[in-house]
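Pulled from TrEMBL, these are the features on record:
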TRANSMEM  17-37  transmembrane segment
TRANSMEM  63-80  transmembrane segment
TRANSMEM  152-173  transmembrane segment
TRANSMEM  277-296  transmembrane segment
TRANSMEM  302-320  transmembrane segment
TRANSMEM  361-384  transmembrane segment
TRANSMEM  404-425  transmembrane segment
REGION    456-499  region 'Disordered'
COMPBIAS  484-499  compositional bias 'Basic and acidic residues'
Amino acid sequence: MAGGGGDGESLQYTPTWVVALVCTVIVAISLVAERLLHYAGKFLIKKNQGALFEALQKIKEELMLLGFISLLLTVFQGRITEICIAKHLTDDWLPCSKSDKSKGDDKSIDHFQSSFFVFGRHLLAAEAPNGQGYCEKQNKAPLLSLDAIHDLHIFIFVLAVVHVIFSALTILFGTLKIRQWKQWEDSIQKKENDPKQVQERTVTHVQEHGFIKRRFKGIGKDLALLSWVRSFFKQFYGSVYKLDYETLRRGFIVTHYRDNPNFNFYKYMMRALEYDFKRVVGIRWYLWIFVVLFLLLNVKGWHAYFWIAFIPLILLLIVGTKLEHIIAQLAEEVGQRHTAITGDIVVRPSDDHFWFHKPRLVLVLIHIILFQNSFEIAVFFWMLVLFKFDSCIMGEVGYVIPRLVIGVLVQLLCSYSTLPLYAIVAQMGSSFNRAIFEDHIQVKLAGWAENAKKNAAQRKAVNGSSQVGHKEPPSNVQPPAVGDESRMEEGRALEIEPK
């Protein structure tokens, strides 16, 4: 073909009806996908699901980033293949040894020759077919071949898609688990709205209370160690009971919403989880660093992906244990302070119970766990589709099967235990999530905050000009009224709001 030795003809010798047909199909598929996302966003807005709509926008951003990466790989593939390096540099740090290639393992992709991906490989080859020969003429090797660029292209796409899907499934399954707590919220509110129940204020013996008996076992180093051990195993069964939910709910309301004892804690918690979802579904810059590091360590004989599979599992167990232990600490504080109280026991939420006094750090760890687990699953499917199960890059079966088992275990444990735990324990910090306000109230508060910033900047400019010029402020510049002062304070509150 013109310009190189790929299979088939170049675009200038391709029938126009073929070009038009292919473009029509590609554009149609793209428009359908765009419309589906558009109508999904309209549906979420109609249902007042502002947080989920923001998560959808985050997914669109990730898809746009993915498209930009694909564009860079396509545009610069010719330049990349013409970057030549010494041949001896390509003999080390290989996923498969060159002896495997001589045995024909490199041909394991032949089963895939009729698929869409190979069509893409031929398209790539048509763009820059001379990279291999260009470097061979200099007795060197190309930095990255066209086939390798194509495989990397597919890997990035699979990784992004798998991460979004698995994050969504985790939130979906976790939400289904948490929805069971709605019955607890309804029964608690029904009880609190009962005049007879409200008038009765009994004396509660703290040590006999179910929450304290289950969570607090006493004081001492040995018992403190036992508390950590119990917290570790507690995450595998009955991580949150109704009495736990009721006690933590009461502590949150007394601390942050005392004026409204009938506050719907369940609804607030679900909104907070939806806001956190938009953070989890994205791929932050430090996660791409993990990808590069993991690709670097994929050397034959190291079984790097097998050992990497344990990282999300270990982190998940640590996070689950910490969340359970925070509940135990809240119970311990009450058990140490009181022997008997009038009414129900009340825990005291505090950032001191979290690592480095930052409750949001738990969400960051969950984000890393979900991404690393998605990476493991994405790598498996990528290798399975492109190179087959028995290829050298896939590795030995004894290392592959445990990776899959660990991936499924992490997904299930995070969905049904760790995520529900996080949803309620994350509210036990010193401050509350902005989800405590309805979406329309958040919009108004954001507007007030913006106006407060403008008024503050205006006053600063007026005061500065008065001091420099010793003149009275212009008559058309009005100082903020008392109402503006209050809005300014609310604006500052929004600026320093954690979570």
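Each Cβ is built from the backbone N, Cα and C atoms, and glycine gets one as well.
Just so you know, TrEMBL annotations are computer predictions that nobody has curated.
Keep in mind the model is a prediction, meaning the values are calculated, not measured.
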- When you check the transmembrane segment (404-425) against the transmembrane segment (302-320), do you get at least 3 Cβ pairs under 8 Å, counting only pairs 6 or more apart in sequence? yes
- Contact between the transmembrane segment (152-173) and the transmembrane segment (302-320) (3 or more Cβ pairs under 8 Å, separation 6+): no
- Message: Checking distant contacts: for the transmembrane segment (302-320), what same-chain residues at least six beyond its ends satisfy Cβ-Cβ under 8 A?
- Response: 232, 235, 239, 294, 362, 365-366, 368-370, 372-373, 375-376, 379, 395-396, 399, 402-403, 406-407, 409-410, 413-414, 417-418, 421-422
